[in-house]
Amino acid sequence: MEKYIMSLDQGTTSSRCIIFNKKGEVVSVAQKEFTQIYPKAGWVEHDPLEIWGKQAGVAGEALNIARISPEQIAGIGITNQRETTVVWNKRTGMPVYNAIVWQCRRTAGYCDELREKGLDKTIKEKTGLMLDAYFSATKIKWILDNVEGARELAEKGDLLFGNIDTWLIWNMTKGKIHVTDYTNASRTMLFNIHELKWDEELLEILDIPKSMLPEVKPSSCVYGETDEILFGVSIPISGDAGDQQAALFGQTCFNAGMAKNTYGTGCFLLMNTGEKAVDSKNGLLTTIAVGIDGKVEYALEGSIFIGGAVIQWLRDELRMVKTAQETEKYATEVEDNNGVYLVPAFVGIGAPYWDSYARGTILGLTRGAKKEHIIRAALESMAYQTHDVLKAMEEDSGIELKALKVDGGACQNNFLMQFQSDILGVEVDRPEVVETTALGAAYLAGLAVGYWKDRNEISQNWAISRSFAPAMEDEKKEKLIKGWHKAVTKAMDWEERE
């Protein structure tokens, strides 16, 4: 009987299930979108019960599509939107409030209060993270302080906290197991990434009872088995990682200096730094890449707020293109950008500049500038921003980038990938299987149950669909980068400070 690995990929807008075979190929995919809840400006919530219902539903659907039985699943891997916070009553299994999503800014004011007390330095030293409303800690505190009766229940030991991975595992095991992995724990702003434990001092500062927190385990191990009510048989749950870390693993970035960029709405860059937690001087996050083989490995992470979103803007607001795919055709119809730069600082600019007062600009316009030049400049902006983050990573880590592995929607744009390679001066590799997030969770699960022997075997599965090699002269490259940096300085400090 042929065996497979099931991957549950619980994202920000949809719940998916992908089944993989031994070669790391996709056998079937099932997907369901779920409701986004916006109670106030800047607030974002999800319904944890809807997420669980949809996730269980797509698991059954993926089995049906693949025409395989639950007995053929050797293990289940979970990957999830990170930081999103669920608090539930362990006696009833019911959430006390909606899940507060990573994008939610409701605790920004409280973060400012902590910053005024000088706690940002303590938090960065212990957790590797910036003090920000993005992470789970202040979201948990908000629920305890604002939901009637929540604090009393928590003090009595009746409330549990979990990110989405923990919530799914708890439900899959019918409340038997309350667990998370090192990668998800490292995004809570409560976990000491050097001592590998929940930090007592941070829990005290935020007034969060330790009894709420899950046990932290490696990303690849058998956490428990699914309750028989789910599939009719018990299946080992054996892999767990946050989405960006899972993508790094799925891209087989197993050695220090290997990096991946996910070109989505924004871009997420992660570089493996091995067993060394590198402290960033350039506003990057230090995070846990994976917990496996009795040790943890670390990564530097940089996020670019506006990546593929600039293409959506060209399509929906400026109506310059009908589809995102058309941008490649227009960009290649002109020889160069004609001196035009587009800085997509629509919501400020992230790593390594960190200026929330920057705003979007188009610079270098002349009478000869055409629509094609603006479209090309928009695509080029993704490559320039990636260049800036990767240079910061190299500087922080002292590790030279060897090649960049890519995934996400915009990695299908050949013009962008070639330009990315030219600007970085390194090879850019696009894999055959672009479902790298789900694949990473599958690999973690499969390793724990012996479905794959070791990381070497997995590395052999990784196949290049297309490789892009740098072909631009250094002088031209330097001139373009210089122009980009000049454009960024013009975009900065634009919005009036209150």
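Numbering starts at 1 and runs along the chain as displayed.
Each residue, glycine too, has its Cβ placed from N, Cα and C.
Remember, it's a predicted structure, so these values are computed and weren't measured experimentally.
Swiss-Prot annotates ARG82, GLU83, ASP243, GLN244 as glycerol-binding residues; of TYR38, TYR110, TYR134, the candidate listed for that same site is TYR134.
Within THR262, THR265, THR273, THR366, the residue that Swiss-Prot lists together with THR12, ARG16, GLY308, GLY409, ASN413 for binding ADP is THR265. Neighbour counts were taken as the number of other C-beta atoms within 10 angstroms of each residue's C-beta; across the binding-site residues THR13, GLN244, ASN413, the minimum falls on THR13. In sequence order, GLN81, THR84, TRP102, ARG187, GLY242 are the residues of the same chain, not among ARG82, GLU83, TYR134, ASP243, GLN244, whose CB sits within 8 A of the CB centroid for the glycerol site.
DSSP gives SER14 (ATP binding site) a strand state. Its Cβ placed at the centre, GLY409 (ADP binding site) has 15 other Cβ atoms within 10 Å. Using Cα positions, the member of the binding-site residues THR13, GLN244, THR265, GLY308 nearest to GLU83 (sn-glycerol 3-phosphate binding site) is identified as GLN244.
Over all protein chains present, the Cβ of SER14 (ATP binding site) has 14 other Cβ atoms lying within 10 Å. Its own atom aside, the Cβ of THR12 (ADP binding site) has 19 Cβ atoms within 10 angstroms in the protein chains shown. For the recorded sn-glycerol 3-phosphate site, residues THR12, ARG82, GLU83, TYR134, ASP243 set the reference point as the centre of their Cβ atoms, and the other residues of that chain within 8 Å of it by Cβ are ASN80, GLN81, THR84, VAL101, TRP102, ARG187, GLY242, GLN244.
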